[in-house]
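Quick look at what TrEMBL annotates:
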- 34-451: domain 'Enolpyruvate transferase' (DOMAIN)
- LYS48, SER49, ARG53, SER197, SER198, GLN199, SER226, GLU347, HIS374: 3-phosphoshikimate binding site (BINDING)
- LYS48, GLY123, ARG151, GLN199, ARG378, ARG419, LYS444: phosphoenolpyruvate binding site (BINDING)
- GLU347: active site, proton acceptor (ACT_SITE)
Amino acid sequence: MEIFKYSGPSFDLYGEEWSDSLILDDGPWPAPRATQPLAAEVEVPGSKSITNRELVLAALADGPSTLRRPLHARDTQLMIDALRALGVSFEEQDGDGRFGPDLVITPTAELEGGVSIDCGLAGTVMRFVPPVAALALGPVNFDGDPSARKRPMGGVLEGLKQLGVEVRDDGRGRLPFSLYGNGKIEGGEVEIDASASSQFVSGLLLAAPRFERGLKVTHRGGALPSVPHIEMTLESLRRRGVTATSPESGVWQVEPGPIAAIDLTIEPDLSNAAPFLLAAVVAGGEVCIPDWPTETTQVGDLLREILPKFGAEISLDGTTLICRVAQPLVEAQRPGVELDFTDAGGELAPNIAAVCALLASESRITGIAHLRGHETDRVAALAAELTRIGAEVEELPDALVIRPGELHGALWQCYEDHRMATSGALVGLAIDGIELDDVGSTSKTLPQFVAMWRAMITGAPHEPESNDTSFLSLGI
Ligand SMILES: O=C(O)C1=C[C@@H](OP(=O)(O)O)[C@@H](O)[C@H](O)C1
Ligand SMILES: C=C(OP(=O)(O)O)C(=O)O
């Protein structure tokens with residue numbers, strides 16, 4: 001079944017020539033109900049966060065790098081297109097992954113300016129590529145989807161301005177903007193407010209080994225979200241021989257020096273494992289995820305602690321994570337939960353909040369203020385959609401209080417947000433008549449979602465060939 005086609009990024013920075021990237025086949029998608037306990041093994045494609053960090057580092061490395069089992073999805077394709085526009089070369093290579101080819105990335109001697117970059121709706125592209133582009137000679141224009149223009153960018157732009165890069169923007173700290181690099185950055189120290197996104201810090205640190213004096217970044221502002229993602233950035237730099245440390249809380253230091261070319265296998269995306277593991281919580285039964293990393297900086301690893309709060313028994317059989325649940329959630333009449341998502345917020349909270357609507361008493365999901373600057377305002381979107389299906393929801397500035405109600409079918413709005421889409425699919429397992437207005441939004445990080453979801457429910461092995469992934473080709 002063909003769910004959508006990706007027509008490829010195409011835009012005109014200052015004009016209105018937007019081409020819609022996702023063309024849905026048949027309007028709303030009826031979310032399948034689970035009528036019996038699940039029994040599925042679900043192989044999950046590579047991590048978005050690791051793939052896009054590694055693409056950036058490979059682009060700045062001292063030789064060709066090979067990425068095995070990288071994620072192939074809209075966010076990674078946008079990253080490849082952005083880096084290719086700056087002069088980096090990409091080659092596909094057959095690998096053992098089931099979700100697309102391996103990649104060989106060859107850096108360019110000199111990054112090329114005079115180009116426009118489409119960030120789509122990808123936070124990693126809009127925050128990680130500007131510091132790379134600032135190393136190029138000549139102007140680089142940045143823009144993205146209309147909804148991307150609402151996402152905060154201030155910390156990255158402020159950091160670049162403090163580094164002496166000429167930034168032309170409208171002062172709102174948002175897309176679109178242009179950078180005028182002169183081929184090098186001296187580096188030194190910057191102080192930014194990263195309370196809106198940890199990606200501001202990660203973006204500056206990833207390019208920092210190529211600054212003449214390296215970089216010290218200090219965060220000044222409110223609570224810093226998604227700290228494990230900054231740890232992932234430091235870890236990715238260290239893996240390539242760069243000295244990268246956090247001498248104290250809210251301060252990070254990267255020494256100048258070469259970024260080693262490496263051959264790396266990308267871990268499965270543990271945040272994308274979340275809807276499948278939570279499906280076992282909702283429907284009962286067992287869902288297994290192979291290749292769960294034994295050590296990881298991915299926030300999705302927190303699922304091993306979170307899922308037992310919903311009655312799941314979590315175990316490891318070698319490197320296969322097993323989530324076993326005795327009874328469907330609604331039958332189990334489990335009490336509400338209280339969870340703080342300051343660290344894992346963005347990626348895990350939407351799915352968890354959706355499942356909370358199926359608990360028997362009040363749940364509180366806190367530490368989620370920064371989710372308002374994600375693909376959509378996720379706090380408002382979750383409040384609206386859970387209310388739409390009959391839950392009683394209180395929306396606070398940085399929290400959601402979710403109380404059970406008479407749940408019923410409805411057209412669940414996805415707001416172009418992959419995690420809102422998978423959240424709708426989750427409640428649809430337990431409630432008749434849930435339809436999603438835009439299941440194609442899952443192509444941001446998981447273009448195979450629909451086929452994988454169906455295969456999980458029927459217990460059939462997922463066949464990647466049943467998806468149209470032709471749009472993922474690099475065209476080379
Ligand atoms: O660095 C990364 O790869 C990410 C950092 C987090 O962003 P925020 O700090 O903006 O929440 C996370 O939500 C996002 O999905 C991926
Ligand atoms: C917040 C997310 O994405 P992005 O990398 O675009 O910020 C996410 O994937 O949940």
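In case you wondered, yes, glycine gets a Cβ from its N, Cα and C as well.
Just so you know, TrEMBL annotations are computer predictions that nobody has curated.
Proximity to ligand 1 at the level of Cβ atoms, with a cut-off under 6 angstroms, picks out SER198, GLN199, SER226, GLU347 from the recorded positions LYS48, SER198, GLN199, SER226, GLU347. Among the recorded positions LYS48, ARG53, SER226, GLU347, HIS374, the ones whose Cα sits within 10 Å of the Cα of GLN199 (phosphoenolpyruvate binding site) are SER226. Within 10 Å of the Cα of GLY123 (phosphoenolpyruvate binding site), the following binding-site residues from the list ARG53, SER226, HIS374 place their own Cα: HIS374. When secondary structure is read from DSSP and collapsed to three states, LYS444 (phosphoenolpyruvate binding site) falls in the helix class.
Checking the binding-site residues ARG53, ARG151, SER198, SER226, ARG378, LYS444 for a CB within less than 6 Å of any atom of ligand 2 leaves no residue at all. Working note on the binding-site residues LYS48, ARG151, ARG378: by count of other C-beta atoms within 10 Å of each C-beta, LYS48 ranks first. Cα separation, ARG53 (3-phosphoshikimate binding site) to LYS444 (phosphoenolpyruvate binding site), rounded: 16 Å.
Each of the binding-site residues ARG53, HIS374, ARG419, LYS444 was ranked by the number of other C-beta atoms within 10 Å, and first place falls to ARG419. In this structure the residues listed as binding phosphoenolpyruvate are LYS48, GLY123, ARG151, GLN199, ARG378, ARG419, LYS444; their two most distant Cα atoms lie 19 Å apart. The recorded positions shown are LYS48, SER198, SER226, GLU347; of these, the one with its CA atom nearest the CA of ARG378 (phosphoenolpyruvate binding site) is GLU347. Only HIS374, of the binding-site residues LYS48, SER198, SER226, HIS374, have a C-alpha within 10 angstroms of the C-alpha of ARG151 (phosphoenolpyruvate binding site).
Just so you know, the Cβ of SER198 (3-phosphoshikimate binding site) picks up 26 other Cβ atoms within 10 Å once every protein chain is counted. Using a 10 Å Cα-Cα cut-off from LYS444 (phosphoenolpyruvate binding site), the binding-site residues that qualify among LYS48, SER198, SER226 are LYS48. Fewest other C-beta atoms within 10 Å: among the binding-site residues GLN199, SER226, that description fits SER226. GLY123 (phosphoenolpyruvate binding site): 28 other CB atoms within 10 A of its CB, across all protein chains.
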